[in-house]
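Okay, structure first, notes after.
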Amino acid sequence: MQVRIIAVGKIKERFLSEGIAEYTKRLSPYLKLSIVEIPEEHRGTRAPAGQEELAKEKEGGRILAAIPERAYVVALDLRGTEISSIELAARMHDWQLAGTNTIAFVIGGDLGLSDAVINRAAFRLSLSPLTFTHPMARLILVEQLYRACRINSGEPYHK
């Protein structure tokens with residue numbers, strides 16, 4: 001199975017980059033992971049709401065262009081469904097049994113995801129009711145993917 005994480009913005013904090021690199025390495029026996037970083041749309045510090053919406057739409061267009069054809073799309077969204085690690089593992093297993101070869105997880109920038117991206121998603125996932133920075137959400141996602149792979153392989157994992 002292939003997993004593509006499509007995220008707006010670059011990781012600036014070294015500790016997050018190192019954590020993501022570590023889990024990417026750990027995931028390699030289980031799946032092929034690629035991460036695509038979409039440039040943030042530049043806007044003024046006090047941009048009017050209309051300009052922010054336009055920026056979100058432009059980012060959304062770049063996200064949609066990065067989604068592989070026929071990929072199962074999961075949008076990380078505060079209004080999405082909260083699931084446990086075991087439920088994520090079960091869903092990934094089910095998606096694979098249904099013939100899904102590629103899963104695309106999308107993470108928006110500070111403006112969130114455009115309506116077009118949300119509408120393209122087959123599933124909306126909330127990592128937590130807590131608020132995370134988008135780079136932190138990326139680290140949590142790759143850790144949870146690793147945990148799901150361990151669960152599906154019948155290997156021990158921290159509970």
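Backbone N, Cα and C atoms are what each Cβ position is placed from, and that goes for glycine too.
When secondary structure is read from DSSP and collapsed to three states, Phe132 (S-adenosyl-L-methionine binding site) falls in the coil class. Other Cβ atoms within 10 Å of the Cβ of Phe132 (S-adenosyl-L-methionine binding site) number 16 in total over all chains. Taken from Swiss-Prot, the feature S-adenosyl-L-methionine binding site covers Leu76, Gly108, Leu127, Ser128, Pro129, Leu130, Thr131, Phe132, and the record attributes it to sequence analysis.
Sequence-distant contacts of Leu76 (S-adenosyl-L-methionine binding site), defined as residues of its own chain at least six apart whose C-beta falls under 8 angstroms from its C-beta, comprise Phe105, Val106, Ile107, Gly108, Arg124, Leu125, Ser126, Leu127, Ala137, Leu141. Under DSSP, Leu127 (S-adenosyl-L-methionine binding site) is assigned to coil, being neither helix nor strand in the three-state scheme. Non-local contacts of Thr131 (S-adenosyl-L-methionine binding site) by the CB criterion (under 8 A, 6+ apart in sequence, same chain) comprise Leu78. Across the binding-site residues listed here (Gly108, Pro129), the residue whose Cβ sits among the most other Cβ atoms within 10 Å is Gly108.
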